[in-house]
Structures are given as C-alpha cells and as structure tokens.
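In what follows, a structure is listed as structure tokens, so that the remarks can point back to it.
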C-alpha cells in the first residue's frame with residue numbers, strides 16, 4: 001500500500017487500493033424474452049396437427065358465450081331454439097327491410113334484445129369472418145352423446161355417416177351440409193381429436209349444424225363392432241390406388257361406382273391427413289375409393305374430404321328406390337318444356353339427351 005509523505009504531526013493518508021477489473025461477461029443487460037412473454041407457456045391444444053393450426057375462435061369455449069355469425073346460421077339457430085340466445089347484433093342501417101328485418105322481428109317476438117352495431121365492431125367480434133351484417137351471442141352447441149345400447153337394427157336400408165377425427169372446421173361444416181342435403185339418416189363423430197361444433201362450422205354448413213342432430217361417441221371401434229353384430233355393413237374409405245395412402249391389405253377395395261347398397265351401411269370417413277386409423281380400417285367390411293379421371297401427380301393425388309364425402313354419398317344415395325324415377329321424370333319435364341320438342345314417339349328421348357347436354 002502506498003503512503004503519502006506527511007508533515008510532522010499531520011495524519012497519515014493512504015492511497016486507495018486498486019480494485020481488480022470485473023471479468024468480461026457476455027450476459028446481456030436485458031433478458032431475451034420480452035416481459036409480455038415471460039409468463040408460463042400455454043398448454044398445447046388437444047388433437048393432431050390440424051387442431052394445432054386452428055385459431056382460438058375455432059376452439060370450444062366451455063360454458064362461455066360464443067358469437068355466431070352469418071345470416072343463415074343466426075336465423076336457423078333462432079328458429080331451432082337449441083341454444084340460449086343473449087342478444088342479436090345487426091349492422092347499423094341494414095335492418096330496415098329484407099332478411100335482416102325479418103330476423104330482427106323474429107328475435108323481438110322471442111324476447112331477444114336487438115342491438116345495432118358498427119361494421120368494425122362486428123368485424124372485431126367475428127375476428128374478420130364474413131358475418132353479412134348479422135351476429136348473435138349464443139351458448140355453445142354440443143354434440144349429442146350417442147347411446148351405447150344401439151337402438152336401431154338393419155330392418156330398412158339406412159345410411160349413417162361416421163367421421164373419425166375430422167379436424168378442419170370448414171371441412172366439417174361442408175360435410176354436414178352435404179349429408180343433410182342428400183338425406184343421410186345420421187351423422188356420428190368421434191370425440192377424440194375431432195373439431196367441435198364451433199361458429200365456423202355453422203357458417204361453413206350454411207346453418208345446417210343448427211337444425212341437424214350431430215352425435216359423438218368415445219368408442220368408435222365399439223360402435224362399429226355393435227353395428228356389425230346387428231347386421232350392418234361397415235364401409236370405409238381410402239384414396240385411389242397408388243396414391244401413397246396406407247391401405248388395408250385384408251379388406252377388399254372397390255370403386256364407389258361399383259358398390260351395391262343392399263343393406264344398412266355405415267360410411268366411415270377418416271382424418272384429412274392420414275385417413276382412417278389402423279384399428280377402424282380393420283373393422284371395415286369393404287373400402288370404397290374414387291377413381292381419378294387421369295394420371296395423378298403426387299402433389300394432387302387425393303380429394304378434399306368434404307368433396308370426397310359428396311361424391312361417395314351421392315353414389316350411394318342415388319341407389320335409393322325412387323331416386324332414378326324422380327330424375328327421369330324431371331328430365332322428361334325439361335324436355336317437354338323445350339320449344340323444339342316433338343310429338344313423335346322417338347323424339348323425346350333425343351330431346352332429353354340434348355337438354356341434359358349429353
């Protein structure tokens with residue numbers, strides 16, 4: 001320690017010691033994670049890859065209210081009275097006449113409050129969805145639990161549509177709309193890894209979800225086994241041969257055009273990505289496929305599940321008794337209404353073909 005020279009009688013002053021330099025640190029003065037993200041990570045959403053990509057408004061809200069949007073979904077939900085409705089929200093200046101005015105009068109007759117709102121407020125409620133100037137705050141709609149006792153036998157030809165892990169809400173809505181239009185007797189979904197009945201599903205179904213019974217089961221293989229014992233046919237679905245989709249080797253594969261609907265049938269559609277699970281595929285008696293019209297490249301080797309559902313359902317429903325007679329009568333009526341139709345016995349058939357563009 002250095003010592004300064006001191007005068008006689010003066011106190012000795014000592015120089016301060018030199019402190020060692022602080023070692024160099026790479027630690028940044030600010031944390032890498034922003035403070036608004038420093039909290040605990042949210043739990044992963046249940047389901048597969050499709051459910052992970054869904055937005056928050058596509059997920060179930062539990063006991064909370066949800067916002068139904070679109071003219072048809074709101075009107076059908078109000079008419080069906082299956083949901084508890086809190087209030088009807090209409091775009092300002094658009095409720096004077098037309099369908100919105102009728103919807104407002106129907107809501108007021110049921111005691112539902114009607115509130116006008118600005119467009120940006122409706123956009124915010126729907127998170128950018130196409131709402132057509134109509135929104136409605138409602139309670140969530142849950143699928144009906146399928147009874148385990150299996151009340152229906154194969155007395156008559158029935159067609160049930162079974163959906164295993166359909167995860168995209170727009171696909172589910174489109175499938176429900178097609179099934180309702182073509183006259184499917186019942187739609188059953190699997191609880192596990194399946195899209196819930198959200199407002200997005202209702203909008204994609206054009207409101208069909210509000211009036212159609214959608215059942216759900218926790219034991220899809222058990223349901224297929226019970227129906228098999230009752231004499232039902234379980235028809236699964238696979239991609240076209242050579243598409244790369246895993247196909248069951250022990251289950252026969254046939255084109256949907258060659259399938260004969262001669263008894264009550266369960267048509268089973270699988271997930272958008274991997275199709276039917278191995279367990280469900282092995283419980284099928286037959287696998288239906290749609291033959292392509294050309295040689296396919298790997299990137300477009302399959303159809304969207306809602307499009308495939310429409311083709312498969314129509315190929316089966318068209319075999320229902322009376323469907324062909326109805327189509328023939330409609331075709332004959334179109335031909336007879338044509339100004340070029342003739343009264344000869346051989347002309348109507350020719351004119352009919354021209355009217356259909358064949």
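Glycine residues also receive a Cβ, built from the backbone N, Cα and C atoms like all the rest.
In TrEMBL this protein carries:
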- 22-49: region 'Disordered' (REGION)
- 67-144: domain 'RNA 2-O ribose methyltransferase substrate binding' (DOMAIN)
- 333-358: region 'Disordered' (REGION)
- 338-358: compositional bias 'Low complexity' (COMPBIAS)
Task: Secondary structure content, the domain 'RNA 2-O ribose methyltransferase substrate binding' (67-144) (per DSSP, counts of residues) - done: 29 helix, 20 strand, 29 coil
Task: Reported mean pLDDT - the domain 'RNA 2-O ribose methyltransferase substrate binding' (67-144) - done: 89
